[in-house]
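Have a look at the structure below, then the notes.
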Amino acid sequence: MASLSLAPVNIFKAGADEERAETARLSSFIGAIAIGDLVKSTLGPKGMDKILLSSGRDAALMVTNDGATILKNIGVDNPAAKVLVDMSRVQDDEVGDGTTSVTVLAAELLREAESLIAKKIHPQTIISGWREATKAAREALLSSAVDHGSDEARFWQDLMNIAGTTLSSKLLTHHKDHFTKLAVEAVLRLKGSGNLEAIHVIKKLGGSLADSYLDEGFLLDKKIGVNQPKRIENAKILIANTGMDTDKIKIFGSRVRVDSTAKVAEIEHAEKEKMKEKVERILKHGINCFINRQLIYNYPEQLFGAAGVMAIEHADFAGVERLALVTGGEIASTFDHPELVKLGSCKLIEEVMIGEDKLIHFSGVALGEACTIVLRGATQQILDEAERSLHDALCVLAQTVKDPRTVYGGGCSEMLMAHAVTQLANRTPGKEAVAMESFAKALRMLPTIIADNAGYDSADLVAQLRAAHSEGHITAGLDMKEGTIGDMAVLGITESFQVKRQVLLSAAEAAEVILRVDNIIKAAPRKRVPDHHPC
């Protein structure tokens, strides 16, 4: 019998790459920890910002401390790093805030796992311990949650505190009170629906952030056509996505040969008649306002003006979609059956000035909760970051209106969970207890990083905070204004229960997924097949 060759056999295509066992695990740990280190300096009320500069001729500049935005705009090649980037994006989509916290917690868990594996503790043992730790942490968080949903005054104060806590780590922190009030008023107008599409945010250069305001209505950043009414009461609105520029022949590759200018005039006349018929079909809907996503050329604009109809062109797709939502209409593309088209309505449409720009204001819209937040600022970067910050606050508030449970911030919740996990580890025999203790240590790293970013002695503060929780002061947290331990209930540093819960579960799941990896296989790049049949 022939002996088997001991030479390694490569079963992959040429160009494919494979990392095995410790090499694969180390590669995953390094990538994930690097992502955590990248964003951890942005954590907390005194976190730093990042400048993101895209390459190319039209290099865009972005200044932000939003974890999801940073990770979304950096290109990562490491598979484990991509897992954390995707997790951060999901956190942003689900609850709107906690994107940096979830990334940092997952990275710290993997940092702890790296040292445990170096001590010859099996990944499955670590995962088993982490699952028990996650369960204990979630129960501790749930038991500490406070629900003021039935008390209107206290719930309103909770919303103000949550918005203030969310904005305290953002660019808007210096105008926190102003924007907290704006965000809470806007979300309470939704009457519990949580439909953030009804809140429109417009950015206008000029003035300062303090000049931003909430407008009870809908603002469209467009201009009304020439020689048309600038104000309409009891508006009936047809919202359309149709071509109103057919003053040219639109047959691909067509050519027309004429032997006189009279023939050219005939073609133009035919085109005008065709457009006139289309405008007449639109006017049969009994409207006094026509809003089109596409361009409206001069001739149809004149026809609308002569009929006393306000025509608004080039309302971008997002604007048209939101306008259909708030006015109660539907977007139409054909106009042969007026009875099938649902028109939008509002009490008043008028042109208004903001700074040096003209906008169209819709008031008394069908969707009564619709409103617009107008952001003012000195530079485009400030406006963009203000919009991102406000979006986070609005998402968290909408989530809190649905689930009114709140927990305390300032590292209080993390220390509370860490204390519960440590107590469980002390009662658990075997190596799983070591994994549980590592989970608690990772949770304690969040208040440590918050204190470090503020320039305080994190070792001293976290030791004091840990001692306070051990003595039963479950509302103790970090007061980053004074650099001491404070009572979060008194300071009003409150966060949404759903945000904290999502941070805990997402980070634990992502860390577990990465820890399970013992092989990374990169597929061979696809080769281009030469085209043997050129056109």
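Every residue gets a Cβ built from N, Cα and C, even glycine.
Per Swiss-Prot, the features are as follows:
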{"type": "BINDING", "residues": "Gly44, Gly98, Thr99, Thr100, Glu495, Lys500", "note": "ATP binding site"}
{"type": "BINDING", "residues": "Gly44, Gly98, Thr99, Thr100, Ser101, Ser168, Ser169, Gly410, Glu495, Lys500", "note": "ADP binding site"}
{"type": "BINDING", "residues": "Asp97", "note": "Mg(2+) binding site"}
{"type": "CROSSLNK", "residues": "Lys248", "note": "SUMO2 cross-link"}
{"type": "MOD_RES", "residues": "Ala2", "note": "N-acetylalanine"}
{"type": "MOD_RES", "residues": "Ser3", "note": "phosphoserine"}
{"type": "MOD_RES", "residues": "Lys13", "note": "N6-acetyllysine"}
{"type": "MOD_RES", "residues": "Lys181", "note": "N6-acetyllysine"}
{"type": "MOD_RES", "residues": "Ser260", "note": "phosphoserine"}
{"type": "MOD_RES", "residues": "Thr261", "note": "phosphothreonine"}
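The shortest Cα-Cα distance between Ser169 (ADP binding site) and any of the recorded positions Gly44, Asp97, Thr261 is the one to Gly44.
For the binding-site residues given as Gly44, Gly98, the lowest number of other CB atoms within 10 Å of the residue's CB is seen at Gly44. Proximity of Thr100 (ATP binding site) to non-local residues of its own chain (separation of 6 or more, Cβ distance below 8 Å) is seen for Val39, Lys40, Thr42, Leu43, Gly47, Asn65, Asp66, Gly67, Ser88, given in sequence order. Within 10 Å of the C-beta atom of Ser169 (ADP binding site) sit 24 other C-beta atoms, taking all shown protein chains into account.
A C-beta separation below 8 Å, combined with a sequence spacing of at least six in one chain, links Glu495 (ATP binding site) to Ile162, Thr165, Thr166, Val396, Thr406, Val407, Tyr408, Gly409, Ser413. Between the CA atoms of Gly44 (ATP binding site) and Thr261 (phosphothreonine) there is a gap of 73 Å.
For Gly98 (ATP binding site), the nearest neighbour among the listed modified residues (Lys181, Ser260, Thr261), judged by C-alpha distance, is Lys181. The shortest Cα-Cα distance between Asp97 (Mg(2+) binding site) and any of the recorded positions Lys181, Ser260, Thr261, Lys500 is the one to Lys500. Cα-Cα distance from Ser101 (ADP binding site) to Lys181 (N6-acetyllysine): 25 Å (rounded to the nearest whole number). Look at the recorded positions Thr99, Ser260 and count other Cβ atoms within 10 Å of each Cβ; Ser260 has the fewest. The local packing around the residue listed as 'phosphothreonine', expressed as other Cβ atoms within 10 Å of its Cβ over all shown chains, amounts to 8.
Put plainly, the recorded positions Lys181, Lys500 were compared by Cβ crowding within 10 Å, and the winner is Lys500.
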